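Undergrad: Questions regarding the structure given below will be posed in turn.
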């Protein structure tokens, strides 16, 4: 390699090497090197986490934007086909229905043929994993391709199928995070201690790269994904989510879709007097209504899930031919949303984004249609998309009410065995509630009344009540780019959650219960009812201990007759003082190497090198159920031993804890 050369000032033109050129300036060179070293230490003082999180955010933003770009092209092709087939109802009906049927059939068949874990949103399983349960192959990289292809085909059906991408994208982000973590572990020789921290940050990235909303993405990962959150992970979530959201919106600018980085559903609400004081009552009432409706929705959703799984025909169809089940369900939904038919009253010609654009606007449709009857155009007018909601006989109230009822029913398509989630559909359903109340509460000619924030308030309240989260309020602000209705929207979300959390489990917890995933339930009223219940009331008293003075013949009998992973190790048979644990696999290996006549008790093989583990955390029989539940959730534990004055008297696992919580929530009837 040739050495760099330069010319010294005032020389005759003879080139000199770079070290000779800088030779007269040793202090400058040392200063530059020292400055670069200082900058390197300051920028990368947290190790490689910066690189990892930035790569995760940028990579997920590229995937999200590429999927949106491809899906947009397919949706436009569907609209073009529907327009070009002519006026014949048969051809138009076929062009409207065959498209989603083919896409959903392929989505279900392709994703399920690769892995069964690619169906659904993935959020209930992720909640279970973040609580300490290991689900084998759920984060395998082969699921990634199946999820991407299946989700793209699902979303390419447009508004025909009422499904969204948030949940699957959180799953995709977590899979990428797990894969990058494995690569880093192999290349740098690190342990997997950081994997759980990175999975929580990846959940925030998944939301941020869908909505370009880093703040609500981080809060979503805290509220929904984990029961306890370490403050140390806070910066990880924000940094990765900000990188992902920034790159996602920057790609829109590079592709000339936006002039600059703006919010996705930009609104223009008044900022001088955004709302009057009496309107607070209507926002709170809207939140309460959304809370009641969310309870009805969650109850109907779980009932429908049970019906699908217990019905003889649907359960058999799901077990034997998932693509056929998806095709039949897609045909029914596409027939319902056919625009010249029932879809005329649901604005079915609008895409999901156009639904939100119209429902988030700052117009009172009742006022705009009071003295005029806008025609229903042959094609949606980009400047007046709200015309799609008007019908001269049905009126705005009729179309909105019909839209709410039908979309609630259509949202049960979340039972498809395909990658999907209902978050975006809920966001387009909830503004309909807000607009309905707006038109009903303020139908009169009050042009100066700034009652224009009911759409975002309804979106935040209903979706927050269904998911039991407050971050949807912040999501509404980040989506619309305005925070002028911060107080009333937050009050609506709190009112909706107050109703929903006292009546029904969240959508994700309900799905966990329906799928029978291993997950600890919340303790309702735990500050009152869970303290009198102590470990002694529900612990498992029949535990098998191994004493150091136990003969090897008895140890071998215990090992062969029991099916446990580890045994509690006690000092002696008489004292039963807990001193540690010993793994069954290590014990079996040690017993196989025993020389007859040389070793007589367990202490001998422990001395020869059979590894043991200390018991760093124990429960007392007087520990309350609330404290035990907190420990299991905070430390992601699976089981703990119970000791009384050092003696091993029992154990508590998830089985005993869930049974105690169930008894507390639903006490048995008195005899």
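Every residue number used here counts from 1 along the chain in the order it is shown.
Cβ coordinates are placed from backbone N, Cα and C, and glycine is handled just like the others.
Annotations in TrEMBL come from automatic prediction, not curation.
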Undergrad: Which one of 255-279, 280-304, 355-379, 430-454 shows up in TrEMBL as transmembrane segment?
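TA: Among 255-279, 280-304, 355-379, 430-454, the range TrEMBL annotates as transmembrane segment is 280-304.
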Undergrad: Choose the correct range: of 94-118, 119-143, 394-418, which one does TrEMBL annotate as transmembrane segment? Give that range.
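TA: TrEMBL lists transmembrane segment for residues 394-418.
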Undergrad: With helix taken as DSSP H, G or I, strand as E or B and everything else coil, how many residues of the domain 'CBS' (539-600) land in each class?
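TA: Looking at the domain 'CBS' (539-600) with DSSP, the answer is 19 helix, 16 strand, 27 coil.
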Undergrad: Can you name the far-off residues of the same chain, 6+ from the ends of the transmembrane segment (234-254), with a Cβ under 8 Å from a Cβ of it?
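TA: For the transmembrane segment (234-254), the sequence-distant neighbours (Cβ-Cβ under 8 Å, at least 6 residues beyond its ends) are 49-50, 53-54, 56-58, 60-62, 64-65, 197-198, 200-205, 207-209, 212-215, 217-218, 221-222, 260-262.
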Undergrad: Under 8 Å between C-beta atoms and at least six residues away from its ends: which parts of the chain pack against the transmembrane segment (201-222)?
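TA: That would be 53, 56-57, 60-61, 63-64, 126, 165-166, 169-174, 176-178, 229, 233-234, 236-242, 244-245, 247-249, 263-264, 469-472, 474-475, 478-479.
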